[in-house]
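Scroll down for the structure; my scribbles are underneath it.
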Amino acid sequence: MKTEHLESCRGGGIGGFLPSKGKMMAMEETDAGMDEQLAALGYKVRASDMANVAQRLEQLDMAIGGSAAQDDALLSHLASDTVHYNPSDISNWLENMLSELNAPPIPAPTATHPKSISFDFPSENLSSSVPNPFDPDYCLRSDYQVEGRSRNRKRMRTSSSSSSTSRTAAPAIESISAVVAATEVSSTNPVVVMVDSQEAGIRLVHALLACAEAVQQENYKAADAILKQISILASSQAGAMRKVAGYFAEALARRIYRLHPTQDSFFDSAFSDILEMHFYESCPYLKFAHFTANQAILEAFSGFRRVHVIDFGIKQGMQWPALMQALALRPGGPPSFRLTGISPPSPDNSNALQQVGWKLAQLADTIHVNFEYRGLVANNLVDLEPFMLESDESEAVAINSVFELHNLLARPGAIEILLSTVRSLRPRIMTVVEQEANHNAGSFLERFTESLHYYSTMFDSLEGVAGGEGQQDQVMSEVFLGRQICNVVACEGPERTERHETLAQWRVRMNGAGMRPVNLGSNAFKQASMLLALFAGGDGYRVEENEGCLTLGWHTRPLIATSAWCVAAAGESG
């Protein structure tokens, strides 16, 4: 049934009493003593009144805590003869109720707050029905059901874990109904507050989407008011949902207040490499990317005695030891292996590329592979020219790109220039690994909604394999993904470099640039599935084949995709 309910503030006090239906009168200006957060939303409520209401509600709850039959009779009466009051009238109404029931004042009970349950993000697209938190019908509407009527208990709504002795402080009311709580009252036992984390999670998602919609409409006053409530809603969550909501709230705040991250490409590149190493260790996404790309390259090099790999983003060189070992085991002996690693300049002017080369050279010497390495510093891949890569016609060339191409989409025409350079090298194969998401099209709200779905799933997968919070790799991986979220949401123009596109979109781009797809084959699929089986906690990961490409996802959501390409012959199309 519909009923009035309580909303709580961050500090643990009951924030106010909101009717389940009806409209509150908008106020023109805030009077002294009025609750500031409600005043910003157009509701005129005295903070002192809300504290009194909270205390009297607890007294009323004790007074009517009779048998289950009495509970049902009272609820039926309220359902059949409902009168809605605004918050300024509720205090007197409760006082009259208490006088009729002759309920003595009771001491404030102690509340304990159990650990919340993580919220499973809904899979459907929510952007088509984003609620408006400034609509009183949305703010005040709630389906409230009394469970367990056979027990002598009542329920009340709160989101606090603090003791109710703190309720004398002036509380704040959430502008969006946030959480459901069950309060079990006993004459000898303390009150136990149960948080319905799922409902709170749904309201949290709606609040994030409503804030993004306000940002898109450039209604920054409304966006600011909603943003202040998101942290309150997020506090009721646990695990992945709380973390991902925090990163999206930070990104929204940066966009609203125009606090864009400072761009230091040198420092960012070095720090991102460190974070990516932790990301590599904490989950199988990069392992899958390296494995599937290496398998395609190994098959393309079959029968060639001289091979050359050009890596568009070599970073720490983590991908290549496995390929070198596979080449060393090739029947007939290993081929001569040349590696060109491309990287932006080091922030401290150190020769990081040379250090990577030395480590790989030591491995090559150990496994008896004839190895040649060349590091190439480039601020941007679009600056590459074919002559810089020193390709030899006598060798088989493979080009590798793992999470690199989407950055070029921030510069119009850049991806076409790079693919033209690739075509001139005529590689045997080009392997491409990219995020399976569309963060580069549509309105801001559409982009925000898609990224919220994507990164919620990504954070869920981190939680699924971490085996507990506090691990360094997991924490650094979350920072790694959080930086991407900030770029997708807070930045625009050339600064927004995380412009991920789906596999279908990359097919269109690659076909238009004169490239045709290469089927990765069933062997790569089987071996990638075996790789995941060896990964601890990998039950939720899924490898799928998609028109000759491979995707890795968490449960039903693909998250990254590996594809392979070669130069199309004249008159040939993908």
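Backbone N, Cα and C define each Cβ position, glycine as well.
Annotations in TrEMBL come from automatic prediction, not curation.
Here TrEMBL gives region 'Leucine repeat II (LRII)' for one range in the set 190-222, 223-255, 355-387: that range is 355-387. Among the ranges 75-79, 405-409, 430-434, 550-554, the stretch that TrEMBL annotates as motif 'LXXLL motif' is 405-409. Listed by sequence, the residues of this chain that lie at least six past the ends of the region 'Leucine repeat II (LRII)' (355-387) yet keep a Cβ under 8 A from its Cβ atoms are 265, 312, 314, 316-317, 320-321, 324-325, 327-328, 334-345, 404, 407-408, 411, 414, 417-418, 421, 424-425.
DSSP states for the motif 'LXXLL motif' (405-409), grouped as helix (H, G, I), strand (E, B) and coil, give 5 helix, 0 strand, 0 coil. If you average pLDDT over the region 'SAW' (490-566) in this model, you get 91. Helix, strand and coil content of the motif 'LxCxE motif' (209-213), in residues and according to DSSP, is 5 helix, 0 strand, 0 coil. Per-class residue totals from DSSP over the region 'VHIID' (276-341), listed helix then strand then coil: 32 helix, 12 strand, 22 coil.
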